[in-house]
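Novice: Below is one structure. I have some questions about it.
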């Protein structure tokens, strides 16, 4: 940075070329130098003559003339007298706009504290003087004395307690001390003067050194904190004239006494206007009233002092003056707010700048613009993609100046006046000129709410009659517009540059892709989809079936001649190939570009297929082809939707015949369950869950039957079915409400009402059903209103935190990346690997797991083709560069960001990626919330999980798994954690019998098998091996990773598999709960039908070591008996196309070397008919089982006290149920006394049902008790939006889980004050101790091994803990998967990179742990950039750098902590931000978007970066 010079802002012109902006405290001299005179009188204007009073608040002499170039008395009245001061009235003759910039001042008789520096925490004045804020207020408001000079004064007679400097005394103490010590120099005063003097006499440098010594010498943390607080304020004052550590010559640092006001500046009068209303009344700005009070009190005080009034009166007046100034600056901050005539608080200067209606947000960030208008929109189906219909009336107004010029230029009018008259009379020449003006001049359309960049797009206007704007149907999705009365605003770009940007960047035909996901946004919807779908349907036995047509012309002729039905199946020739298709599909083909393959159009075209088609055309053909294609598609869709004549009739809604039967069956089941409950066989929770499950499955069966019926009706041409099936409108769920049953409904709190609505809308609902329905529907509407506000607020916070992220460089040179894999939740894939790596840059080479060759090297940009190759090659995790690991000094670099999804190319420097990310996340947030009630409040939850099923083939491996066998001989899981069941295939087999050895090198792991005279070594990459914490399910994914089943030194047999690839994994307890029943044994083969997946020749191989040996003796019908059989499908060049592992017990379906011509053929069949279930468990309860055999002892379990008895009437069996609410200190438990005195204790939850009696003998794995799982609640985005908000705000969740910080073995120590004490012992001898509240459920057992990051108790994991314990990359994985789960659950696609940008901003500050020789203070939060710069500076001088740890800030905190003052102030907590900035003399280098918008400059992104280079645009005529 060059040396800055402060620029004085003069009224004649504001400086255009300033580089930075600094906020400072103004000294009294400075305030006086701004002022044009002192305001002495509280008068405003003379109410008779309406002229401002002299020396009053609107005085023309001080502030300038009221009318341009006219003095007040009217002596000088023309431009020629400019600059003359009138002798009579003293007014300078100049323009009246100086009244917006000239300030006055009021000389206060006594210094007054500025309320911001007293009352805004931490109180700056109080902190500097070391006085509490309350005490300081007492001094300032004349209630207490402050010691100026303690002399030798003591509080007590024994002289033990000395009076210190700046002590605060009450009246009594003061009088007492004055009596005794006045002679020894004791002095104390009260009020503003003494505070000002104290501040003026502070020696800041000495204070700074003193405080630094104090810090070094104190050990108390609390004291340190207070000293550090003071130190910060002192440092801020001392450094307030530094800029990046270089002095600014002409500037003195801020002085503490400037926080006291002696000269009060008066705001220029036009900024606090007084407007005459009709009827002789005046609207006056509140600030004027507040100033009047200050002036009144000040003059009164002056008079009283001249009269030598009694001290007490003067004091009172001074206090009132202080209060008046307080009210002016921040009304209501201290005592009660000053109220105006109409009983509402007056708006002070602080209120004027803060809040939504304040100066920042209302006038600086959002301005009204001219050349704009708004009107209702209607559909314009005849428009081209880049056109909009503009009403002639609007165009006439919008283009008026252009039109006037054009009329003169053509010679129709000679003067402007004449031209205006022509326009008013709307003569023919006017319309002719208007057409010419509008041609080639784009306009911008905007629909509020503007949620993302596609809410403002440019169009070429087409003049239309009428008053409504016409909009192209395909851009509605981007604007989220419909035609039920929506309005849109039109803006006219004026400058050549703006017009060029509209044409090149903003034209709607250029914005085909959605920046959030890279999918196309201009996809046909509703009618258009219906038309295209109808066109592509096929009908058996239609007229003209099996005709042969050479091309589209013949088809059209046949259709015209009515000799061919549009749905008839015909044969035709396309690209020289004979194909079977339908007439309608050939019509679709006729509008497609030539490069579209047959499989994209020769099928039934539903909405998804059309979207894929549009995407494909854009990717292959580019913008121009897409735009014209989309227009043809639109026309075709509308034409055939009309010709199809699809309508809805009640007869289309078909109710299944067997509905009543199904319902009666369900009612019967419900009655049975109700009876079991009455008999006490099941708990109330189980009853509720089971009933809901019954109704859910009944509903599903009915819906399925109904869909089948409607599908068969009219051979698939049922109108309602077509609408839903094509994706035009409606869904299966909605049709089933019309025709099957309305189903289960939810209460407003989300719980499901157990009586479903059995009727459907066709039959009609009865009164009760109708009432239950309204319940859900109203909740939907109420929610919508509330949530829109929340979503909008979230968007605003995201924008504010990310607005300064832009692409600054091409490559930051970072080599580290983040390893990513597919995101799954409970075994459901939420986001595939392919989607996640698309458009990203690799951070490490990708190695083909089969051939060990490098597929793609580091630095490759992954496009769709490469992403497909990577996923097909079986790679399960990829390391990519992300904004979080980007090393760019500011912003991000192109390589770490990847593709700009809006255009599908690598992002260019200057792109405002932060704003785009914030919009991409915020926009669907609003969308989601606006759409809760579409399912009409019907409940949607998944059926309870009861089992896990293998989806792939291989064999079973138990990892760390222990099991029990129960009395029925079932295998029961005995682990609570740190165990898993893996499904694997062999990767390396032992070539001979020997001992296995495993050595860990830096990046490799060497596995060797040693026999007497033989040794085989295999080298694996460490990165490919599954880590222990991944196997235990703590972090990351294990599929595709390698697993070594043996430990070092174990003997293995020949051909035993020693390294395996994990195909699927189910960890305990996340995927398989404790006490589940296992249905497989260790080593069991799992077979599935194996599908070829490619055409080619089959070759069978056997794994030997790590290579494949050819085996030729396998033939059709053989059963595989050995581990390690692989089949390879070789293409015509004898290259491997596909490879599959064939597990034991599979049946081979082809001979060796046979040719497979169908990629869907089954090569090997599963030996089992049904699917393979790995484990099963009780879906409704958590089971407690006996771990040892022994005798039962009850503890704190008493019937009628902590438990209740339930009696089964049929069997007379009694069982105890623990009460829901227990007395304090009562902790029911079951103890088992085993052999050898071993005791095991089971803590019981409320509502647990006990299955054993006190004193019973039990066997291992017997069931002791069951706790019902919580009653199911309906899923709704309500959980979604607050969840997203909670994650972005990094809030600590209410019930945070306690998390292990180290790997180790759990030990329970003796409890401490009703808290459980858990100690984790690590292998290296270190340990960590946790005290856990009794209210939390502990999830670990004594002696268990636990990994860092695992939960010790129940609850939600806090993202702060993830960052602290597992680091930034784990946080990246956690936040992205949590946020994506919410959005994908709603079917919203957002690219990961947008979330990453926000997360990187949440991590942009670090916390200083050790300050070294830097200027930082321990515990400071500083931005990474400042931290880096300061450390570089210190290292240059050979000093000790500071050490810091990453912290996660919520988006609000991160936005307020922005390095830019203006940006932070305009976000939230305006007064606080400005207070801090003014004391520290903070600089704002105007690097980012928001501050430049506020100052009205070009914003430094995109085309704004080139503004310095003065590019001029030439117009070609």
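Placed from the backbone N, Cα and C atoms, the Cβ positions cover glycine too.
Quick paste of what Swiss-Prot says about this protein:
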BINDING   71, 73, 86, 89  Zn(2+) 1 binding site
BINDING   482, 484, 486  Mg(2+) binding site
BINDING   812, 886, 893, 896  Zn(2+) 2 binding site
Novice: Please report the number of other Cβ atoms within 10 Å of the Cβ of residue 86 (Zn(2+) 1 binding site).
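Specialist: There are 20 such Cβ atoms around residue 86 (Zn(2+) 1 binding site).
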Novice: Would you identify the secondary structure of residue 896 (Zn(2+) 2 binding site) according to DSSP, in three states?
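Specialist: Once the DSSP labels are grouped into three classes, residue 896 (Zn(2+) 2 binding site) ends up as helix.
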Novice: Which one is closest to residue 484 (Mg(2+) binding site) in space, judged by CA to CA distance, out of the binding-site residues 89, 812, 896?
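Specialist: Ranked by Cα distance from residue 484 (Mg(2+) binding site), first place goes to 896.
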Novice: Could you tell me which three-state DSSP class residue 71 (Zn(2+) 1 binding site) falls into?
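Specialist: Going by the DSSP assignment, residue 71 (Zn(2+) 1 binding site) belongs to neither helix nor strand, so it counts as coil.
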Novice: Look at each of the binding-site residues, 71, 73, 812, and point out the one with the fewest other Cβ atoms around it within 10 Å.
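Specialist: Fewest other Cβ atoms within 10 Å, among the binding-site residues 71, 73, 812, is found for 73.
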Novice: Any idea what the Cα distance is from residue 89 (Zn(2+) 1 binding site) over to residue 486 (Mg(2+) binding site), rounded to a whole Å?
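Specialist: That comes out at 56 Å between the alpha carbons.
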Novice: In the structure shown, which of the binding-site residues 89, 886, 896 has the fewest other Cβ atoms within 10 Å?
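Specialist: Each of the binding-site residues 89, 886, 896 was scored; lowest Cβ tally within 10 Å is 89.
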Novice: Whole-number answer please: how many Å between the C-alpha atoms of residue 896 (Zn(2+) 2 binding site) and residue 71 (Zn(2+) 1 binding site)?
Specialist: 64
Novice: Count the Cβ atoms, other than its own, that fall within 10 Å of the Cβ of residue 484 (Mg(2+) binding site), considering every protein chain shown.
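Specialist: Summing over all protein chains shown, residue 484 (Mg(2+) binding site) has 5 other Cβ atoms within 10 Å.
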Novice: Just to verify a number: CA distance, residue 482 (Mg(2+) binding site) to residue 893 (Zn(2+) 2 binding site), in angstrom, no decimals.
Specialist: 39
Novice: Relative to the mean position of the Cβ atoms of 482, 484, 486, the recorded Mg(2+) site, which additional same-chain residues have Cβ within 8 Å?
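Specialist: Surrounding the site, in chain order, are 377, 481, 483, 485.
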Novice: Could you tell me the C-alpha distance between residue 486 (Mg(2+) binding site) and residue 86 (Zn(2+) 1 binding site) in angstrom, no decimals?
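Specialist: Their Cα atoms are separated by 57 Å.
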Novice: Select the closest residue to residue 893 (Zn(2+) 2 binding site) from the following binding-site residues, measuring between CA atoms: 71, 73, 86.
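Specialist: Comparing Cα positions, the candidate nearest residue 893 (Zn(2+) 2 binding site) turns out to be 71.
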Novice: Rounded to an integer, what is the Cα-Cα distance in Å between residue 73 (Zn(2+) 1 binding site) and residue 812 (Zn(2+) 2 binding site)?
Specialist: 68
Novice: Which one of these binding-site residues, 482, 486, has the sparsest Cβ neighbourhood, judged by other Cβ atoms within 10 angstroms?
Specialist: 482
Novice: Indicate whether residue 86 (Zn(2+) 1 binding site) is helix, strand or coil by DSSP.
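Specialist: In three-state terms, residue 86 (Zn(2+) 1 binding site) counts as coil.
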Novice: For residue 893 (Zn(2+) 2 binding site), what is the tally of other C-beta atoms lying within 10 angstroms of its C-beta?
Specialist: 23
Novice: Any idea what the Cα distance is from residue 71 (Zn(2+) 1 binding site) over to residue 886 (Zn(2+) 2 binding site), rounded to a whole Å?
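Specialist: Rounded to a whole number, the Cα-Cα distance is 63 Å.
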